[in-house]
């Protein structure tokens, strides 16, 4: 008996050590204490996730692919008892195109809750990340997956109402969602020709819902970038680094981006046209401009755009879209947070959409910070995280 207890104790000790141990740099302060704290936090999150999922058996989660792109599908099983068509949401997670996954507990719980709250099918897209993939790879995968999902065959398979499908995402994922929504505008002429030939209307997204989107990399000195330069979770230099990772740029160019060196005292016509679409002195509500001033470089680097052509590519920077494209995009929900470097990207985009005649709802959180909606669940739940999630799902419920 004692021998059996000893063996069990040893096995449990090995298992605990395996769970706790993490390979950390030798220079880090008190590594074992840090490992122990990390294991506790991970354990709590696992327990919260298990309790959350166990208490809500009405969602079925499967892994599949659409157009060759991996995805997780969260299905409300309410239709299993009473068959009916459900809402559909195509979701792109954030992470600066380099980090994150829909399988992370924060996104997993978010998509699970959305599916349950909306009686919907939420499809979380697992696009590839840098450095394995660079622009336009993530964009292309977002388009491939979306077009495959928006087919009668796939929508029928998941009992999704073809008239009630949304595209959504947060941060870099909201960038991809906005870019995908542009397809309606870019394909409008082709669509009209197609309809004339086969007399059938294509399936399109009904709405787009963008959470603190990253939409341009031409101005890293908007009022929100200046105001929130060192505010967690997204520091100004980190956002510049994310853009460089996405656009295959040299990391040493961070300081050039932060100084707006893509511009010069005598910009080209192409640059001038793009800058007009990011001119926050005209696009940003006065209340958000405060006392900040535009930043112009003394000399600039005319070769910077040669090194980073993606800076002017509308597929990477949806804020640069032509008005004729924006006119055809679906109604938009845009969440912004006061303490977020990306606040003004979302607010400027809202202005451009409104000027193009698109119905826009701006949902601004004065006490919000970048990524706050991810803190709607678990032991690290923030009040603003819960409120922002409720506001977001309420809008989808009312408009989708």
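Positions of Cβ are set from backbone N, Cα and C atoms, glycine also.
No curator has checked TrEMBL annotations; they are predicted automatically.
Here TrEMBL flags 89-252 (among others) as domain 'Alpha/beta hydrolase fold-3'.
According to TrEMBL, the feature active site maps to 171 (among others).
In the domain 'Alpha/beta hydrolase fold-3' (313-373), helix, strand and coil residues by DSSP number 22 helix, 18 strand, 21 coil. According to TrEMBL, the feature domain 'Alpha/beta hydrolase fold-3' maps to 313-373 (among others).
Under the heading active site, TrEMBL lists 340 (among others). Summarising the environment of residue 340 (active site), the number of other Cβ atoms within 10 Å of its Cβ, over all protein chains shown, is 26.
Annotation for residue 370 (active site): same-chain Cβ neighbours under 8 Å, separated by at least 6 residues, are 171, 212, 231, 232, 233, 234, 337, 339, 340, 341, 342. Under the heading active site, TrEMBL lists 370 (among others).
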Problem - Per-region confidence, the domain 'Alpha/beta hydrolase fold-3' (89-252) (mean pLDDT, whole number) - result: 91
Completion exercise
Around the Cβ of residue 171 (active site), other Cβ atoms found within 10 Å total 28
